[in-house]
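See structure below.
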Amino acid sequence: MLRLYVLVMGVSAFTLQPAAHTGAARSCRFRGRHYKREFRLEGEPVALRCPQVPYWLWASVSPRINLTWHKNDSARTVPGEEETRMWAQDGALWLLPALQEDSGTYVCTTRNASYCDKMSIELRVFENTDAFLPFISYPQILTLSTSGVLVCPDLSEFTRDKTDVKIQWYKDSLLLDKDNEKFLSVRGTTHLLVHDVALEDAGYYRCVLTFAHEGQQYNITRSIELRIKKKKEETIPVIISPLKTISASLGSRLTIPCKVFLGTGTPLTTMLWWTANDTHIESAYPGGRVTEGPRQEYSENNENYIEVPLIFDPVTREDLHMDFKCVVHNTLSFQTLRTTVKEASSTFSWGIVLAPLSLAFLVLGGIWMHRRCKHRTGKADGLTVLWPHHQDFQSYPK
């Protein structure tokens, strides 16, 4: 919607306004540099599209605006009157053929009676040698062991309204012939189909379109750097937690993790969530007392895990009657693991309270036993004074 609004406002800006506002056109608003830079080869055709005016918009706004081009902030417009390699057509600046000296910043200015803005676009023209491949190549990525498509980019200015597009494809300067079972150039398109992508398919590709102008043939070349990425393999996920029953005290805060083992599988395509009585947590607890925590993805010993916690803040009696499920799903499997919340036994809390009392009784009992033993020992010492007399009397008969 935002893009549509901007386009509508852009079209309305080109509508002629009353002459009373013509002073506004004297100051041009600079809208910045276009995000895309044009990297082209010397000796080939180049078409720079005015960034403010897409091709499909040109037909409707061209009668209402004046479009001019300047180079490197020069006051002189391009192309000049005597320039034969450059011309402006349908909102684009054409250079044929382009030379290295054409490199620079080109500013497109659109103006009517009440509105004026300008925007710049960068052009770099390189010598046509392999040394500049890293600078002029478009990176494209295909997945290993699959079939994919390479696209010859930025040819719309030269292929518009044409149904007989013929493109020749090269890999490392070798022409890919029609009988090649590995590579197939899709007729009438800018696509190259690559069957069963292998690691050795990586490298530089060139697509060449022949363009005719005033009876002369020109080549338009685009270079592509193909990068191969390994296919992300999926495995059957295994839920390793939570436990079947979780004990918690009413009024306490509780976190139950749902941990899933993926092995070497990718977590990107694995979904993990919680339910309560087969209902999503957000619906079962609209007040937000029980929520899902943030998803975590991590590795342990080069094996992948994902985890989503269920958070109670706090636990209430309502939770004791809920059937909670951890649910995991990917293209290979759908699994669930149930858990319930049980009120923690009160025995443990009474034990905590009674433990200090028991210890106190033991201490007091020990003190009492110590004093009693000491008292008995004192009595025993008094008796031993008499024992020698009794022993002498009994041991020696007359």
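Glycine is treated like the rest: Cβ placed from N, Cα and C.
According to Swiss-Prot:
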| type | residues | note |
| --- | --- | --- |
| DISULFID | Cys28-Cys116 | disulfide bond |
| DISULFID | Cys50-Cys108 | disulfide bond |
| DISULFID | Cys152-Cys207 | disulfide bond |
| DISULFID | Cys258-Cys326 | disulfide bond |
| DOMAIN | 134-223 | domain 'Ig-like C2-type 2' |
| DOMAIN | 237-349 | domain 'Ig-like C2-type 3' |
| CARBOHYD | Asn66 | N-linked glycosylation site |
| CARBOHYD | Asn72 | N-linked glycosylation site |
| CARBOHYD | Asn112 | N-linked glycosylation site |
| CARBOHYD | Asn219 | N-linked glycosylation site |
| CARBOHYD | Asn277 | N-linked glycosylation site |
| TOPO_DOM | 14-343 | topological domain 'Extracellular' |
| TOPO_DOM | 370-398 | topological domain 'Cytoplasmic' |
| TRANSMEM | 344-369 | transmembrane segment |
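This view paints the features noted in Swiss-Prot onto the structure.
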residue : record                      : Cβ within 10 Å
Cys28   : disulfide bond              : 15
Cys50   : disulfide bond              : 25
Asn66   : N-linked glycosylation site : 12
Asn72   : N-linked glycosylation site : 12
Asn112  : N-linked glycosylation site : 17
Cys116  : disulfide bond              : 18
Cys152  : disulfide bond              : 26
Cys207  : disulfide bond              : 24
Asn219  : N-linked glycosylation site : 16
Cys326  : disulfide bond              : 24
So, by DSSP, how many helix, strand and coil residues make up the domain 'Ig-like C2-type 3' (237-349)? 12 helix, 60 strand, 41 coil
Could you check which of the recorded positions Asn112, Asn219, Cys258, Asn277, Cys326 is the closest Cα neighbour of Cys152 (disulfide bond)? Asn219
Where the distance is taken from Cα to Cα, which of the recorded positions Cys50, Asn112, Asn219, Asn277 turns out closest to Asn66 (N-linked glycosylation site)? Asn112
Just to verify a number: CA distance, Asn112 (N-linked glycosylation site) to Cys28 (disulfide bond), in angstrom, no decimals. 11
Using the alpha carbons only, what distance in Å do you get between Asn277 (N-linked glycosylation site) and Cys28 (disulfide bond) once rounded? 64
Counting across all protein chains shown, how many other Cβ atoms sit within 10 Å of the Cβ of Asn277 (N-linked glycosylation site)? 11
If you average the pLDDT over the topological domain 'Cytoplasmic' (370-398), what number do you get? 45
According to DSSP, which of helix, strand or coil covers Cys152 (disulfide bond)? coil
Cβ atoms other than its own within 10 Å of the Cβ of Cys108 (disulfide bond), all chains, total 25
Please list the DSSP helix, strand and coil residue counts for the domain 'Ig-like C2-type 2' (134-223). 10 helix, 44 strand, 36 coil
Around Cys258 (disulfide bond), which residues of its chain at least 6 apart sit with Cβ under 8 Å of its Cβ? Ile239, Ser241, Pro242, Leu272, Trp274, Glu307, Val308, Pro309, Leu310, Cys326, Val328, Leu337
From disulfide-bonded residues Cys28, Cys50, Cys108, the one whose Cα lies nearest Cys207 (disulfide bond): Cys50
